[in-house]
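Peer 1: So Swiss-Prot lists the following for this protein:
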BINDING   Val96, Gln97, Ser98, Asn208, Gly300, Ser301, Ala302, Pro303, Asp304, Asn312  NADH binding site
BINDING   Ser98, Arg114, Arg124, Arg143, Tyr150, Lys206, Asn208  (2R,3S)-homoisocitrate binding site
BINDING   Asp243, Asp267, Asp271  Mg(2+) binding site
MOD_RES   Ser98  phosphoserine
SITE      Tyr150  site 'Critical for catalysis'
SITE      Lys206  site 'Critical for catalysis'
TRANSIT   1-22  transit peptide
Amino acid sequence: MFRSVATRLSACRGLASNAARKSLTIGLIPGDGIGKEVIPAGKQVLENLNSKHGLSFNFIDLYAGFQTFQETGKALPDETVKVLKEQCQGALFGAVQSPTTKVEGYSSPIVALRREMGLFANVRPVKSVEGEKGKPIDMVIVRENTEDLYIKIEKTYIDKATGTRVADATKRISEIATRRIATIALDIALKRLQTRGQATLTVTHKSNVLSQSDGLFREICKEVYESNKDKYGQIKYNEQIVDSMVYRLFREPQCFDVIVAPNLYGDILSDGAAALVGSLGVVPSANVGPEIVIGEPCHGSAPDIAGKGIANPIATIRSTALMLEFLGHNEAAQDIYKAVDANLREGSIKTPDLGGKASTQQVVDDVLSRL
């Protein structure tokens, strides 16, 4: 589904040639903590695809994260960005550690990576496993990935009137970025309409308070929809204030189909939505840009379990499939999704976060056996 979306977007034309490629160069960026344990899972799955799908992969080990910062002075080395830009069609990014106290010179490498690579959209499917008890959940959260408060323009100063510290942060919403993210969200909704017979786009904002910034986001999303009624007219268009969105998301998640949100709200909503389908350890995402797709599991570096061999690899394996889908290899992606769903639905081989006792590698082996 997602590959056909990407090829229709002018911003993603550079991805179009990858559908014909049988040999792909994939960057592997484990990062910190359990990232070092789950990224090898994605690599093993890709290596397994050659016999059936005729795909071959060249893997390049790359570095980013807090440990890299401690060793080199840079959380995102120039060489990592250079290799991704010049050699890779896709990449897998694990997780990064966030220090509990301020560390001079350190900032999140994934935020910088999204900016450097032009990864304007974070696409996160949130779906319950078929056959589970309860009403099925099946939504896609599309998050603008390059601006909002995450542009990291901040300052701290002393208020002259009180003599106390004040911190300010700039929130940026641009017409260009909003138009781009609204288009990809509507195109995803359009594909779901074609495969399901109905689709709804929900635009999330806080324009009742932030009338200029969120007001612009709301305005441009509506404009993209209204000015392309010949294309999107059968998609139902809704808006939801972000605080009531949180309430409805957890009370009635089945009401949502495709959600589009500015960076901060999308970050919060998509992590929260993972609780609806079991764990952050099972939810994938893809960072999509003009020339490259980077799969990224939704969980963090989990220092409490790092090194124990019990991290859940499912989110990374699904992110690997999502990356392939955007790169035009839908059949291979679907095989991975089916193998993962079979593991979750039928198997007892699950990591502790899902109530099991299996190791990371045991789960990987079970998924591979189902491929």
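Glycine too: its Cβ is placed from the backbone N, Cα and C atoms.
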Peer 1: If you measure from the CA of Lys206 ((2R,3S)-homoisocitrate binding site) out to 10 Å, which binding-site residues from the list Ser98, Asp243, Ala302 are inside that radius?
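Peer 2: Asp243, listed in sequence order.
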Peer 1: Note down the number of other Cβ atoms within 10 Å of the Cβ of Ser98 (NADH binding site), including every protein chain shown.
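Peer 2: Cβ-Cβ neighbours of Ser98 (NADH binding site) within 10 Å number 13.
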Peer 1: Among the binding-site residues Ser98, Asp243, Asp267, Asp271, Gly300, Asp304, which ones place their C-alpha within 10 angstroms of the C-alpha of Arg143 ((2R,3S)-homoisocitrate binding site)?
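Peer 2: Taking Ser98, Asp243, Asp267, Asp271, Gly300, Asp304 one by one, the ones whose Cα falls within 10 Å of Arg143 ((2R,3S)-homoisocitrate binding site) are Asp267.
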Peer 1: If you measure every Cα to Cα pair among Ser98, Arg114, Arg124, Arg143, Tyr150, Lys206, Asn208, the residues listed for (2R,3S)-homoisocitrate, what is the largest value in Å?
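Peer 2: Of all Cα pairs among the recorded (2R,3S)-homoisocitrate binders, the widest measures 32 Å.
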Peer 1: Just how many other Cβ atoms lie inside 10 Å of the Cβ on Arg143 ((2R,3S)-homoisocitrate binding site)?
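Peer 2: Total other Cβ atoms inside 10 Å, all chains included: 27.
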Peer 1: Based on the record's binding annotation for NADH (Val96, Gln97, Ser98, Asn208, Gly300, Ser301, Ala302, Pro303, Asp304, Asn312), what whole-number value in Å is the widest Cα to Cα distance?
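Peer 2: The NADH-binding residues span at most 40 Å between Cα atoms.
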Peer 1: Please name which of the binding-site residues listed here, Arg124, Asp243, Asp267, Asp271, is nearest in space to Gly300 (NADH binding site), Cα against Cα.
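Peer 2: Out of the listed candidates, the nearest Cα belongs to Asp271.
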Peer 1: Which whole-number value in Å describes the distance between the Cα atoms of Ala302 (NADH binding site) and Arg124 ((2R,3S)-homoisocitrate binding site)?
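Peer 2: Counting only the Cα atoms, the answer is 20 Å.
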Peer 1: Specify the count of other C-beta atoms within 10 Å of the C-beta of Asn208 ((2R,3S)-homoisocitrate binding site).
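Peer 2: Summing over all protein chains shown, Asn208 ((2R,3S)-homoisocitrate binding site) has 12 other Cβ atoms within 10 Å.
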Peer 1: With every protein chain in view, how many other Cβ atoms are within 10 Å of the Cβ of Val96 (NADH binding site)?
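Peer 2: Result for Val96 (NADH binding site): 26 neighbouring Cβ atoms inside 10 Å.
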Peer 1: Does DSSP give Ala302 (NADH binding site) helix, strand or coil?
Peer 2: coil
Peer 1: For Arg124 ((2R,3S)-homoisocitrate binding site), which residues in the same chain are close in space, meaning a Cβ under 8 Å from its Cβ, but six or more apart along the sequence?
Peer 2: Val140, Ile141, Val142, Arg143, Ser270, Ala273, Val283, Pro284, Ser285, Ala286, Cys298
Peer 1: By a simple count, how many Cβ atoms lie within 10 Å of the Cβ of Ala302 (NADH binding site), its own Cβ left out?
Peer 2: 22
Peer 1: Can you grab the distance from Asp243 (Mg(2+) binding site) over to Asn208 ((2R,3S)-homoisocitrate binding site)? Cα atoms, rounded to a whole Å.
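Peer 2: The Cα atom of Asp243 (Mg(2+) binding site) is 11 Å away from the Cα atom of Asn208 ((2R,3S)-homoisocitrate binding site).
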